[in-house]
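Below: one structure, written as structure tokens.
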Amino acid sequence: GGEKAGSGPNGHTEGPAAEQRGGGRLRSCRGFLRRNALVLLTVSGVVVGVALGTVVRGANLSTAQVAYLAFPGELLLRMLRMVILPLVVCSLVSGAASLDTRSLGRLGGIAVAYFLGTTLLASGLAVALGFIIRPGAGASALNTPGLGLASAMPTSKETVDSFLDLVRNMFPANLVAAAFQTYATEYKMLLRNTTSGNVTWEKIPVGTEIEGMNILGLVLFALVLGVALKKLGQEGEDLIRFFNSFNEATMVLVSWIMWYVPFGIMFLVGSKIVEMEDIVLLVTSLGKYIFASILGHFIHGGIILPLLYFASTRQNPYRFLLGLITPFATAFATCSSSATLPSMIKCIEENNGVDKRISRFILPIGATVNMDGAAIFQCMAAVFIAQLNNVDLNPGQIFTILVTATASSVGAAGIPGGGVLTIAIILEAIGLPTNDLSLILAVDWIVDRTTTVVNVEGDALGAGILNYLNEKANKDKVQELKEVTVEAIANSKSEEETSPLVTHKNQVYSTTSPADPESKESVL
């Protein structure tokens, strides 16, 4: 339009054209802002939060005042946790019911292989980095009470009991209780008098219910329920429709909560910075450990996972990840994979065009089962504590670390600090003292942020890969169907001409005249 306007005899019309161009640019700029408003707001929320925390730090707030400062952030966490239960259950039921059993089995198999493979890769990477960087070497003078976290020690738990608890939690005895309680084994010391007069103490495992959603049990139940509803056919359709609409309604709630995220994140980050103890002491003493963990996360999340995605789909992984900045910022601020799930499902469907059936089937499972970042952080912590105590790990112990980290990251709660308990399991498995865990806890809030980002990134790229494979399978199926129908049409013509049956029939009608009853009978 600009050329036409400018090509007038005196060139008078160039002004409006230039205006039009300017207006177009303004419009596209406005469109970009409208599309990415949430991303920009979320990122600026994090930045403003850091600034706010740094400014307020100087004011020496009391504990109560810090709690008030954290209040808007706490509200955000509560809202996100509120939608987790309906989101996980409904999305898994509708996801499992909408996929046919064959593709469900195929996709489920690929997903499990992907989750296990990436977690093992992450564990291996962490152990290798631990041996190269040696974060625990020369840090043994650290067991100072200055970090003030000795009280927050988790009790040691037998490795066998940890795995039995994991299996028990997969099959909750009470579904309603599973929404807010998890089964955990504790120990009672029992006094035993032996005949010779010696007194021995016996450690007896006792089952207890602890606070916290048993998301693993709910995931498994929802999946099986979805498959069962699909089996019912006509009868199950009403209930599937119910879960579908419940799911859609929850997603609408999520889209509303998403607009509160930037505000909540600002206060979450700000209050965390105000709460920090002596940060200089932490960084100087545990700097190598923090650096090694974050480097591991960076390599795994920035290089290995995108390479896997590229190898599987031949598409640009970074463009895919660019659409997920909001969930990543949420993960960074909340330190919780489960709390990031709502925004992740929303963004991956809207920005990256992943099929709803895939995202709603795979992301809730991923948020529970796939913890690449946690595996890196746990293996690094185990190697760090071994070096701290001057223990040289033998190949058997390294193998134990890898297997235990991969297996226990399945059961790690998707909550802030959920990984510290699993480190206790790993340390028990390789026979190291658990009293150095207070050091890990001291810097957990720093490392946990990148951990959670890598966790949710692994889930997202897994969903992307599965979506690609599913589309490819469907295309192949359509192609096959087309070929079959084309062949069928081609055959049907030739049949009319050459099929012996058809010609025979014609002959019957032509040869049998009413005057020749015998021949008619014989033909019949």
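Using N, Cα and C of the backbone, Cβ positions are placed for all residues, glycine too.
It should be emphasised that the depicted structure is a prediction, and the values quoted were computed from it without experimental measurement.
Per TrEMBL, the range carrying the annotation transmembrane segment out of 169-188, 289-308 is 289-308. Among the residue ranges 212-229, 374-391, the one that TrEMBL annotates as transmembrane segment is 212-229. Of the candidate ranges 79-99, 212-229, 289-308, 79-99 contributes the most Cβ pairs within a distance under 8 Å of the transmembrane segment (250-269). Among 37-59, 212-229, 289-308, 37-59 has the largest number of CB pairs under 8 A with the transmembrane segment (320-341).
Against the transmembrane segment (79-99), the recorded stretches 111-133, 212-229, 289-308 differ in Cβ pairs under 8 Å, and the greatest number is found for 212-229.
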